[in-house]
(Lines of atoms letter the chains of each structure in order from A and count residues from 1; the text may use other names and numbers.)
(Lines give C-alpha, C1' and ligand atoms only; values in the text may rest on other atoms or scores of the structure.)
Protein backbone atom coordinates (compact mmCIF):
# COMPACT_ATOMS: atom_id res chain seq x y z
CA UNK A 1 0.00 0.00 0.00
CA UNK A 2 1.40 3.38 -1.00
CA UNK A 3 2.00 5.91 1.76
CA UNK A 4 2.45 9.57 0.80
CA UNK A 5 4.98 11.11 3.19
CA UNK A 6 6.16 14.72 3.10
CA UNK A 7 9.44 15.49 4.85
CA UNK A 8 10.55 19.11 5.13
CA UNK A 9 14.22 19.93 5.56
CA UNK A 10 14.99 16.60 3.90
CA UNK A 11 18.28 17.63 2.34
CA UNK A 12 20.48 17.45 5.41
CA UNK A 13 20.76 16.22 8.96
CA UNK A 14 17.76 14.65 10.69
CA UNK A 15 15.42 15.12 7.71
CA UNK A 16 17.81 13.31 5.41
CA UNK A 17 18.19 10.45 7.89
CA UNK A 18 14.41 10.14 8.29
CA UNK A 19 13.96 9.94 4.52
CA UNK A 20 16.52 7.14 4.25
CA UNK A 21 15.03 5.26 7.19
CA UNK A 22 11.57 5.36 5.61
CA UNK A 23 13.05 4.16 2.31
CA UNK A 24 14.75 1.21 4.01
CA UNK A 25 11.70 0.30 6.09
CA UNK A 26 9.94 -1.10 3.05
CA UNK A 27 12.35 -4.05 3.03
CA UNK A 28 10.99 -5.28 6.36
CA UNK A 29 7.36 -4.25 5.87
CA UNK A 30 6.07 -5.67 2.57
CA UNK A 31 2.78 -3.76 2.79
CA UNK A 32 4.56 -0.43 3.23
CA UNK A 33 5.32 1.35 -0.06
CA UNK A 34 6.65 4.82 0.75
CA UNK A 35 6.30 7.67 -1.70
CA UNK A 36 8.73 10.20 -0.26
CA UNK A 37 7.93 13.80 -1.08
CA UNK A 38 11.18 15.49 -0.14
CA UNK A 39 11.40 19.23 0.41
CA UNK A 40 14.39 21.44 1.09
CA UNK A 41 15.75 24.86 0.18
CA UNK A 42 18.66 23.38 -1.76
CA UNK A 43 18.02 21.52 -5.01
CA UNK A 44 21.41 19.78 -5.03
CA UNK A 45 20.79 18.29 -1.59
CA UNK A 46 17.37 17.06 -2.70
CA UNK A 47 18.77 15.42 -5.81
CA UNK A 48 21.35 13.55 -3.74
CA UNK A 49 18.96 12.25 -1.07
CA UNK A 50 16.40 11.37 -3.73
CA UNK A 51 18.91 9.15 -5.51
CA UNK A 52 19.87 7.48 -2.23
CA UNK A 53 16.25 6.74 -1.38
CA UNK A 54 15.54 5.39 -4.85
CA UNK A 55 18.55 3.09 -4.50
CA UNK A 56 16.73 1.62 -1.50
CA UNK A 57 13.67 0.99 -3.65
CA UNK A 58 11.49 3.92 -2.59
CA UNK A 59 9.59 6.24 -4.90
CA UNK A 60 10.58 9.88 -4.52
CA UNK A 61 9.27 13.27 -5.50
CA UNK A 62 11.29 16.42 -4.81
CA UNK A 63 10.21 20.01 -4.46
CA UNK A 64 12.51 22.89 -3.62
CA UNK A 65 10.82 25.10 -1.05
CA UNK A 66 11.62 27.42 1.84
CA UNK A 67 8.84 27.12 4.40
CA UNK A 68 9.59 30.58 5.76
CA UNK A 69 8.15 31.82 2.45
CA UNK A 70 4.35 31.65 2.44
CA UNK A 71 4.29 31.40 -1.36
CA UNK A 72 6.43 28.26 -1.09
CA UNK A 73 4.15 26.84 1.62
CA UNK A 74 1.16 27.33 -0.68
CA UNK A 75 3.04 25.81 -3.62
CA UNK A 76 4.04 22.79 -1.55
CA UNK A 77 0.49 22.27 -0.34
CA UNK A 78 -0.95 22.63 -3.83
CA UNK A 79 1.58 20.11 -5.13
CA UNK A 80 0.45 17.52 -2.59
CA UNK A 81 -3.25 18.11 -3.21
CA UNK A 82 -3.09 18.18 -7.00
CA UNK A 83 -0.61 15.35 -7.51
CA UNK A 84 -1.74 12.91 -4.81
CA UNK A 85 -5.08 14.07 -3.44
CA UNK A 86 -4.20 12.84 0.04
CA UNK A 87 -1.31 12.65 2.50
CA UNK A 88 -0.46 9.99 5.06
CA UNK A 89 2.38 11.65 6.94
CA UNK A 90 3.86 15.10 7.41
CA UNK A 91 7.27 15.37 9.07
CA UNK A 92 7.74 18.97 10.17
CA UNK A 93 11.51 18.82 10.32
CA UNK A 94 12.68 22.04 8.66
CA UNK A 95 14.17 24.29 11.29
CA UNK A 96 16.80 26.96 11.78
CA UNK A 97 18.51 28.70 14.66
CA UNK A 98 20.61 31.72 15.49
CA UNK A 99 22.57 31.53 18.72
CA UNK A 100 24.45 33.94 20.93
CA UNK A 101 24.31 36.06 24.03
CA UNK A 102 20.96 37.75 24.64
CA UNK A 103 22.41 41.23 24.04
CA UNK A 104 23.94 40.23 20.68
CA UNK A 105 20.86 38.87 18.93
CA UNK A 106 19.13 41.05 16.34
CA UNK A 107 15.69 41.56 14.86
CA UNK A 108 16.91 39.80 11.74
CA UNK A 109 17.95 36.79 13.86
CA UNK A 110 14.49 36.79 15.44
CA UNK A 111 12.59 36.98 12.15
CA UNK A 112 14.82 34.39 10.47
CA UNK A 113 14.17 31.87 13.23
CA UNK A 114 10.49 32.53 13.83
CA UNK A 115 9.52 32.63 10.15
CA UNK A 116 10.68 29.05 9.68
CA UNK A 117 10.23 27.40 13.05
CA UNK A 118 6.85 28.94 13.89
CA UNK A 119 5.20 30.71 10.97
CA UNK A 120 6.12 28.23 8.26
CA UNK A 121 5.50 25.20 10.45
CA UNK A 122 2.10 26.52 11.53
CA UNK A 123 0.76 27.31 8.07
CA UNK A 124 2.04 24.11 6.45
CA UNK A 125 0.50 22.09 9.27
CA UNK A 126 -2.75 24.04 9.02
CA UNK A 127 -3.06 23.34 5.30
CA UNK A 128 -2.18 19.66 5.36
CA UNK A 129 -4.10 18.87 8.54
CA UNK A 130 -7.23 20.04 6.70
CA UNK A 131 -6.57 17.28 4.16
CA UNK A 132 -6.00 14.69 6.89
CA UNK A 133 -9.15 15.82 8.69
CA UNK A 134 -11.23 15.23 5.57
CA UNK A 135 -9.72 11.80 4.93
CA UNK A 136 -9.99 10.90 8.64
CA UNK A 137 -6.42 9.61 8.83
CA UNK A 138 -2.83 10.79 8.93
CA UNK A 139 0.20 11.31 11.11
CA UNK A 140 2.06 14.55 11.84
CA UNK A 141 5.52 14.58 13.36
CA UNK A 142 7.00 17.72 14.85
CA UNK A 143 10.77 17.57 15.21
CA UNK A 144 11.05 20.03 18.06
CA UNK A 145 13.90 19.83 20.58
CA UNK A 146 14.67 19.39 24.24
CA UNK A 147 14.81 23.20 23.96
CA UNK A 148 11.00 23.04 23.71
CA UNK A 149 10.85 22.42 27.45
CA UNK A 150 14.25 23.56 28.75
CA UNK A 151 16.02 26.91 28.38
CA UNK A 152 19.64 27.37 27.28
CA UNK A 153 21.46 30.67 27.83
CA UNK A 154 22.72 31.24 24.29
CA UNK A 155 19.56 29.92 22.63
CA UNK A 156 16.94 32.46 23.69
CA UNK A 157 15.29 32.96 20.28
CA UNK A 158 15.63 29.30 19.37
CA UNK A 159 14.07 28.26 22.70
CA UNK A 160 11.19 30.70 22.13
CA UNK A 161 10.51 29.13 18.75
CA UNK A 162 10.64 25.60 20.12
CA UNK A 163 8.47 26.39 23.14
CA UNK A 164 6.03 27.82 20.58
CA UNK A 165 6.14 24.64 18.53
CA UNK A 166 5.34 22.72 21.68
CA UNK A 167 2.22 24.85 22.09
CA UNK A 168 1.21 24.02 18.52
CA UNK A 169 1.75 20.31 19.18
CA UNK A 170 -0.54 20.34 22.20
CA UNK A 171 -3.22 22.33 20.36
CA UNK A 172 -3.07 20.04 17.33
CA UNK A 173 -3.74 17.04 19.55
CA UNK A 174 -7.08 18.55 20.57
CA UNK A 175 -8.12 18.64 16.92
CA UNK A 176 -6.43 15.43 15.81
CA UNK A 177 -8.06 13.14 18.34
CA UNK A 178 -11.46 13.93 16.84
CA UNK A 179 -10.51 12.74 13.36
CA UNK A 180 -8.15 9.77 13.81
CA UNK A 181 -4.97 11.77 13.11
CA UNK A 182 -1.84 10.95 15.10
CA UNK A 183 0.49 13.64 16.47
CA UNK A 184 4.03 12.86 17.61
CA UNK A 185 6.40 15.35 19.22
CA UNK A 186 10.05 14.37 18.76
CA UNK A 187 12.41 16.17 21.13
CA UNK A 188 16.07 15.50 20.31
CA UNK A 189 18.95 16.70 22.40
CA UNK A 190 22.29 17.49 20.76
CA UNK A 191 22.53 15.88 17.32
CA UNK A 192 25.57 16.31 15.08
CA UNK A 193 24.06 18.23 12.16
CA UNK A 194 25.12 21.22 10.02
CA UNK A 195 23.22 23.56 12.39
CA UNK A 196 26.06 23.17 14.90
CA UNK A 197 28.70 24.33 12.44
CA UNK A 198 32.23 23.16 13.16
CA UNK A 199 32.62 21.22 16.40
CA UNK A 200 35.73 19.56 17.77
CA UNK A 201 36.10 15.79 17.98
CA UNK A 202 35.58 15.75 21.75
CA UNK A 203 32.19 17.46 21.50
CA UNK A 204 31.13 15.43 18.48
CA UNK A 205 31.79 12.25 20.47
CA UNK A 206 29.18 13.40 23.01
CA UNK A 207 26.49 14.04 20.41
CA UNK A 208 23.88 11.81 18.83
CA UNK A 209 23.78 11.17 15.10
CA UNK A 210 20.79 11.89 12.83
CA UNK A 211 20.18 8.16 12.39
CA UNK A 212 19.54 7.88 16.14
CA UNK A 213 16.50 10.13 15.70
CA UNK A 214 15.29 8.66 12.42
CA UNK A 215 14.79 5.08 13.60
CA UNK A 216 12.30 5.90 16.42
CA UNK A 217 10.36 8.21 14.08
CA UNK A 218 9.81 5.45 11.54
CA UNK A 219 9.00 2.93 14.27
CA UNK A 220 6.36 5.31 15.64
CA UNK A 221 4.81 5.76 12.20
CA UNK A 222 4.61 2.02 11.61
CA UNK A 223 2.64 1.39 14.80
CA UNK A 224 -0.96 0.25 14.21
CA UNK A 225 -3.23 3.18 13.43
CA UNK A 226 -5.06 2.54 16.72
CA UNK A 227 -1.85 3.49 18.57
CA UNK A 228 0.00 6.80 18.75
CA UNK A 229 3.44 7.44 20.17
CA UNK A 230 2.77 10.93 21.47
CA UNK A 231 6.28 11.93 22.52
CA UNK A 232 9.82 10.79 21.80
CA UNK A 233 12.59 12.34 23.89
CA UNK A 234 16.16 11.47 22.92
CA UNK A 235 19.29 12.76 24.61
CA UNK A 236 22.98 11.91 24.44
CA UNK A 237 23.84 9.36 27.11
CA UNK A 238 26.02 11.99 28.80
CA UNK A 239 23.08 14.43 28.99
CA UNK A 240 22.49 17.86 27.49
CA UNK A 241 25.41 19.87 26.18
CA UNK A 242 25.31 23.10 28.17
CA UNK A 243 26.03 26.47 26.55
CA UNK A 244 27.09 28.50 29.58
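Cβ from N, Cα, C; glycine included.
Per Swiss-Prot, the features are:
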- 9-15, 40-42, 66-67, 93, 116, 158, 162, 191-196: NADP(+) binding site (BINDING)
- 99, 145, 158, 196: substrate binding site (BINDING)
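Sequence features, as recorded in Swiss-Prot, placed on the structure.
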residue	record	Cβ contacts under 8 Å, 6 or more apart
9	NADP(+) binding site	15, 39, 40, 93, 94, 95
12	NADP(+) binding site	40, 42, 45, 193, 194
145	substrate binding site	158, 162, 187, 188, 189
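DSSP gives residue 42 (NADP(+) binding site) a coil state; it is part of no helix or strand. Each of the binding-site residues 42, 93, 193 was scored by the other Cβ atoms within 10 Å of its Cβ; the lowest score goes to 42.
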